[in-house]
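For reference, the structure discussed in these notes is given below.
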């Protein structure tokens, strides 16, 4: 349960992407990433207990099971499955890029070769081991990441000659690096505030997180996860991002931000320890890729194929289908990751925003508002995702706030109007 947050959050973006941005933007990004510390708390408080109880009643294991049980509507299920497939695809590409960059930095191979190696190893791991191969339990993964974060932070501070000296040098490079507004002043008050929705409140709408919220044995397990999860995630997030900023002094002039952490580890740690440290993000990426591929293939096979195309599919057909789908998705992700964006983290945040715009209200209002119905859920998903894609492509970050904010507001209004109009019809 503690690994819940750590494993899903501690994916490639917190270990590789985030510190890469912090390297360029400075301490402002550390402050921004600290929002994630309370996220687990928000998720479990809003959806944990109630979600787990209702999911048990419905015998729901995935988010789509819950939506199917709650709204009992084919269009809601198919549309939700499509949103999961599309947006988790970009989240999976982000993990692939992270894996490729790690192998590239460690071995000196070209990025494309490294990416091919990564794809090959992931597909072998998932297809042969099946999904039971989530080799390291989430909790163990959490511990490895916690220890890794602590070691690299201490080693970087020592290599930089102490915190005071590092700060003085950062001021010499660019005084804005140590302000909350970022090296280029891009972190305005409104932009930072809107991140409270993207990586704070909105996380309730992420399928990969809500699935975990359903899985608590009892209240005690949930309360423990709240406390320990918050401490662990806090240490990892703040520790890794701080390390990214300090790396600016220890290793100036890195041009590919996603290589900051691997190069830094090899610079400040003895080789064997650097290997151990870099095994942590690799394990995190493997575990995240595993659960993302599982979500995508189950959306296609279970939620669409078995529910609506072939209700009597044999187990062997389902298994075979899942393996084929996983293989195909893996190769598509490989193709998409060959030309990565400058910052891996934007891929992840794009996917976060799309999933939140789609699911936050069907989940939250579905749990807490009895009048919520399929018409509302459908309207909310269509308006949320439609406006998110439109704003993302045509007017990114309008009025200096993150793209996700308006779609979440529009989706809320759509859910209410849709549900009320359907309620009126039935009266």
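Numbers here mean position along the shown chain, with the first residue as 1.
Glycine is no exception: its Cβ is also placed from the backbone N, Cα and C atoms.
Taken from TrEMBL, the feature transmembrane segment covers 21-44 (among others).
Residues annotated as transmembrane segment in TrEMBL: 76-97 (among others).
Per TrEMBL, the feature transmembrane segment maps to 109-128 (among others).
Annotated transmembrane segment per TrEMBL: 140-160 (among others), in sequence order.
As annotated by TrEMBL, transmembrane segment applies to 195-214 (among others).
What TrEMBL records for 226-251 (among others) is transmembrane segment.
What TrEMBL lists as transmembrane segment is 271-296 (among others).
Taken from TrEMBL, the feature transmembrane segment applies to 317-337 (among others).
The transmembrane segment feature in TrEMBL is assigned to 343-369 (among others).
Residues 67, 70-71, 73, 75-76, 79-80, 83, 350, 353-354, 357-362, 365-366, 403-404, 406-408, 410-420, 422 of the same chain, all 6+ positions outside the transmembrane segment (376-393), place their C-beta atoms under 8 angstroms from a C-beta of that stretch. Under the heading transmembrane segment, TrEMBL lists 376-393 (among others).
Proximity of distant same-chain residues to the transmembrane segment (399-418), defined by a Cβ-Cβ separation under 8 Å and at least 6 residues beyond the stretch ends, is recorded for 188, 190-191, 193-195, 197-198, 202, 352-353, 356-358, 360-362, 365, 372-373, 375-385, 387-388, 391-392. The transmembrane segment annotation in TrEMBL covers 399-418 (among others).
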Other same-chain positions with a Cβ less than 8 Å from the transmembrane segment (317-337) and lying at least 6 residues past its termini are 89, 92-93, 96-97, 100, 115-116, 119, 122-123, 126-127, 293, 296-298, 300-302, 305-306, 310
Spatial neighbours of the transmembrane segment (343-369) not adjacent in sequence (6+ beyond its ends, CB under 8 Å) are 11-13, 16-18, 20-21, 46-47, 50-51, 54, 63, 66-67, 70-71, 76, 80, 83-84, 86-91, 93-94, 97-98, 101, 197-199, 202-207, 210, 257-258, 376-377, 380-381, 384-385, 387-389, 392, 402-404, 407-408, 411-412, 415, 419
